[in-house]
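Engineer: Mind looking over this structure? Questions follow.
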Amino acid sequence: ELHVHLNILPHSLNSSTNFLFPHFISWLNPLFRIGYKRKLEEDDMYKVLPEDGSERLGEQLQRYWDHEVQKAAKELRDPSLSKVIIKCYWKSYAVLGIFTLIEEVIKVVQPVFLGKLIQYFENYNPNNTEALNVAFGYAAGISMSSIGLALLHHLYFYHVQRSGMKIRVAMCHMIYKKALCLSSTAMGQTTTGQIVNLLSNDVNRFDEVTIFLHFLWVGPLQAGAVIGLLWYEIGPSCLAGMAVLMFLMPLQTLFGRLFSSFRSKTAAFTDSRIRTMNEVVSGIRIIKMYAWEKSFSTLVNEVRRKEISKIMKSSYLRGLNMASFFVASKIIVFITFLVYVMLGNVISAGRVFVAVSLYSAVRLTVTLFFPSAVEKVSEAKISVRRIKKFLLLDEIMKHSSGQPVQPTEEPMVEVQDLICYWDKTLDAPTLQNLSFTVKSEQLLAVIGPVGAGKSSLLSSILGELPQEKGVVKVKGNLTYVCQQPWVFPGTIRSNILFGKELNQQKYERVLKACALKRDMELLPDGDLTVIGDRGATLSGGQKARVNLARAVYQDADIYLLDDPLSAVDAEVGRHLFEQCICGLLRKKPRILVTHQLQYLKAAHQILVLKEGQAVAQGTYTELQRSGLDFTLLLKKEEEDEAPEPAPGVPCRVSRSRTLSQTSVQSHASSVHSAKDGADQLPVGQPVQPIVEETRSTGTIGISLYLKYFRAGANILVLLTLILLNLLAQVGLTVATIIFGFLRSLLFFNVLVNSAQTLHNRMFTSILRTPVRFFDINPVGRILNRFSKDIGQLDSMLPWTFVDFIQVFLQILGVIAVAASVIPWILIPVIPLLIVFLVLRRYFLQTSRDIKRLESTTRSPVFSHLSSSLQGLWTIRAFKAEQRFQQTFDAHQDLHSEAWFLFLTTSRWFAVRLDGICAIFVSITAFACLLLRDDLEAGAVGLALSYAVTLMGMFQWGVRQSAEVENMMTSVERVVEYTELESEAPWETEKKPPPDWPRHGNITFDQVNFAYNSDGPVVLKSMNAVFRSKEKVGIVGRTGAGKSSLISALFRLAEPEGTILIDGMKTSEIGLHDLRQKMSIIPQDPVLFTGTMRKNLDPFNQHTDEDLWNVLDEVQLKAVVEELPNKMETELAESGSNFSVGQRQLVCLARAILRKNCILIIDEATANVDPRTDELIQKTIRAKFKECTVLTIAHRLNTIIDSDRILVLDAGRIHEYDEPYVLLQIQDGLLYKMVQQMGKAEAASLLQTAKMDLLDILFLCPYYSLGTNFVKTLISEREAQCPILCSRFNEHS
């Protein structure tokens, strides 16, 4: 049935029939029937109307905006976004003003009919049939105007809300489009958090402002008309009542202005809270390992406290506003008739009821809609200002990056005298005086230390870094492989194809060249496996290879490769180099940033950069002759007498790598087998699926309301609140005023406190939940609860709730009074009430689902935005902006479908309610005439005016109650996150001694480890002892369980079996006690927004002197001293103003500061050049001589001098012994790994291992046991190590 309707729908909703009501009401019926039977799904929603499509609306507004920007530039003024919105939408919106006008005219006319009807009763004459007929005419007038009101009001609301939706959707489209072309300076001025806030909160102002805007002119007009009619009825004393109204109007306008100033301050706090949340969620693993949760929790709570204090103030204003509205009616009537009587007039029923009805008609407009309009307009102005500021940020200057190549030409890159600045304020240019040319079939290798400007060079060729002077000529289209692999949510295949058609043969070739074949076989759905948010389901290595495969599949003319081989193990590195970079791509011009120095021989040219200048340039042999600093970079590579590679395979594999200047946001890159447990999961175990976002079903129980209220106040306060409500309702004028105000303020206080408490509970719960939660829930989803849902709890929910309570109590009052005068009025009221409630239940079944769908369809919009911002350079390099814009529009359209249904279903409900009320009014009007013989004029007046008031209030009350219940879904979603499973306690009764661990002995005894209870076991019955002060290297292929070993040690999930540190069971002490006693240098260097100082020492435990010394030790002192405020400089979001290598050094500094006697290094030097690596290794040896050090690595040279090496394979210990001993086992894993490095490298590694063993044996107190063994060694190496030999002879 629904499908039939789906086909009819677009016709029944086209604009010509839009104004016809029957269509508007009936086409939703099938949807409600489905919603009543089962939970609604996304497929049940109707397609979005073509004129509401995101792309169509966005492009339309964009045209106006572009035109305005050009015009403003000519006239030397700031462009005005408000002007643009008005120009674009005024026609369609102005038409709707007519509805408002007619509706308000009816509201004013209805009381006049009422007055005439009551006059008939005042001058009642049973014999006068003519008067009776006229009276029937008036009754018909009353009933017609009721029905007219019911229809017009909702037609108007439907259209204004829809126009609000259109503006919002168009704005979102423009914001996203702008985000895709931000320049690097602009990226520094904004943050992901701010853009998410623009999309989640600021654009919503358009939805609200369109509803009330027309009342800005209708209000004053209506007030004028009412004064006229009142003057006619009760003469000049009407002015007294109007004076009260007029006094309220500017007062409420003032409130509106104040409100908007609070609003803009709140928005700034919200921005920074969401930004911090974004960092917490992204860096949660590090925060947990460092045990820094408390520091972040105080940070967020501080911002939240400031935010709440502003929200509280604006809520009090709202409370006063509402209370004044509630109290106004009583004061106005009281004052008017006080004056009327004092002027010596006699009160008559007709006059009183006409006055009361007229006042109530105008009161709504003047004291509710008009101030709301002022408030919403001032809020919208602030949002427009924020959006405009964003839309005016610098865009990237598209220099023609790559002219198409004519078939006769060959692609090339030519750079002459290039000078560039990332930041004009610094004196030194990022790049200076560079010149080179790369032609077809040429490979240019760019090398240099951390922060030398290697990635900046690529970005200037891409056009991301504007050139100050010089020429960059690019012939042919470019493609680019970024340094930190970027994947977007979707399947692996869609990540590789990146919008290109699938050509099976080519695709297979690319997979093979990028060493992805085996991974595809291991993954459950092969290349159709869905990658989660930020690639959470892939290991770092897989991400990097997917990243490379994406570029290779594009088949572009020129390739810019920003260190794609970083941290891949030797085997895969060689494969990528030979099969891909020098295989599939050998015909193309390639620029490769690298430190894989053993292959430089394969490059046609080498460019050595240092501090942005070329210190050397030429072929391998030329550079060798020039004897530059190059040799230092090359360390001992020359001895490497490598066998020449076979022809056609001009390449050898590499080991190390540096870091880029502004390596855009740090969502770290590790590559094949870099580490595979911590941030991602190893291959070889099932990939974690991204779970569907939960949507609860069914009604919202009383228990949720209780939780909500109990979060805000204790029982006593709640009882006081209930008492105040009753007093406000029944008291006399003065009492009512006092209690009315008190009640409003207390109510808001309680509800805003609830929002505060629930936010804190949710945040605490997020911090305490195990890491796995973050692997299976995308960031967008978690942030959605903190931005959208908390936003609802902060502002919309309290207001709606208070409104509902006030209306509800007024309805009860009205019914009670009416029933006491005319008991028979209860006869129609009771069935009406039953119909209302049944209808409400039926409506809520569907409406709640739609509201929940609206929330869940909003998440992908944010997720898509944040993943696009992370991959900005890649998206631009591949010229995929258009495609990403389309995906964004598709997400928006899906959300619009839900939103549109939300609008129309609430109208469906309201029209039915108002229809029933109109019938009730008609019945009452005619019933009064039929019972005319036994009724007083006063009774008729009361019955009718109450019926009319009731009509408006009743349906408003029921609608607000439904609205409250819909908004409670936000509370429900927040409460769901406050009850997440929690990891072990941070502190327990059992405290370790203060100087624990003194020695740093670590024992694994039968340890099994899995990331979650039903997941696969990653470490299997592991037994190992790491002795005190021992340096142990841990190696193994991808997925061998290297990082899982660390996760088990840090209890990121609870291991089975026993892990002892200095004889103490780690499972018995608190997590913080455990984690604070071990230092880790993580694989992804994470820095947080805040000062450099905060990043090193969040708890202020060290002096400045300590901090400077540490920075000096890790060679960062100079860098930090150059910053404007030195240590107090605020870092950019996720520390992106440091290169990845520098961030790694900051992590090293943190570890040195902690002075723990256990240090764990997780592939920490993957991102630095050999010299920095050597420096780090030296620092580690010197600083951590007395510590137990575990190092995960695949640069074998970093760990070959360890005391022992632990080789893992598939979660089990494969070999564990001294390096030299392991290298004697020909079929051992370590031996094979070393052999893959090429002969020369293998020989040098073996040599290092031997030297180390000699050292150990000399120092060994039992050297006599080993003398023979040593003597044979020495005789082999007499020539190479005379000093050692003499030392040995002395010893023996």
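Quick reminder: no glycine exception, Cβ is built from N, Cα and C everywhere.
Below are the features listed in TrEMBL for this protein:
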type	residues	note
DOMAIN	94-378	domain 'ABC transmembrane type-1'
DOMAIN	413-636	domain 'ABC transporter'
DOMAIN	726-966	domain 'ABC transmembrane type-1'
DOMAIN	1002-1235	domain 'ABC transporter'
TRANSMEM	93-114	transmembrane segment
TRANSMEM	134-158	transmembrane segment
TRANSMEM	211-232	transmembrane segment
TRANSMEM	238-259	transmembrane segment
TRANSMEM	320-343	transmembrane segment
TRANSMEM	349-370	transmembrane segment
TRANSMEM	708-728	transmembrane segment
TRANSMEM	734-752	transmembrane segment
TRANSMEM	796-818	transmembrane segment
TRANSMEM	824-843	transmembrane segment
TRANSMEM	909-932	transmembrane segment
TRANSMEM	938-958	transmembrane segment
Engineer: When you check the transmembrane segment (211-232) against the transmembrane segment (93-114), do you get at least 3 Cβ pairs under 8 Å, counting only pairs 6 or more apart in sequence?
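Structural biologist: The transmembrane segment (93-114) and the transmembrane segment (211-232): touching, yes.
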Engineer: Can you tell me which of 94-378, 413-636, 1002-1235 gets the most C-beta pairs within less than 8 Å of the domain 'ABC transmembrane type-1' (726-966)?
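Structural biologist: Going through each listed stretch, the top one turns out to be 94-378.
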Engineer: Are there residues at least 6 beyond the ends of the transmembrane segment (320-343) whose Cβ is under 8 Å from a Cβ of it, and what are they?
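Structural biologist: Residues 234-238, 240-241, 244-245, 248, 251-252, 255, 352, 355-356, 359-360, 363, 367-368, 371, 728, 733, 736-737, 740-741, 743-745, 799, 802-803, 806, 810 contact the transmembrane segment (320-343) from elsewhere in the chain.
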Engineer: Return the average pLDDT for the domain 'ABC transporter' (413-636) as a whole number.
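Structural biologist: Overall, the domain 'ABC transporter' (413-636) comes to a mean pLDDT of 82.
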Engineer: Taking the transmembrane segment (349-370) as the first stretch and the transmembrane segment (93-114) as the second, find out whether 3 or more Cβ pairs fall under 8 Å, excluding pairs closer than 6 in sequence.
Structural biologist: yes
Engineer: Any residues 6+ beyond the ends of the transmembrane segment (238-259) with a Cβ under 8 Å from its own?
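Structural biologist: Cβ under 8 Å, 6 or more out: 223, 226-227, 230-231, 314, 317-318, 320-321, 324, 328, 331-333, 335-336, 338-339, 355, 359, 362-363, 366-367, 370-372, 374-375, 378-379.
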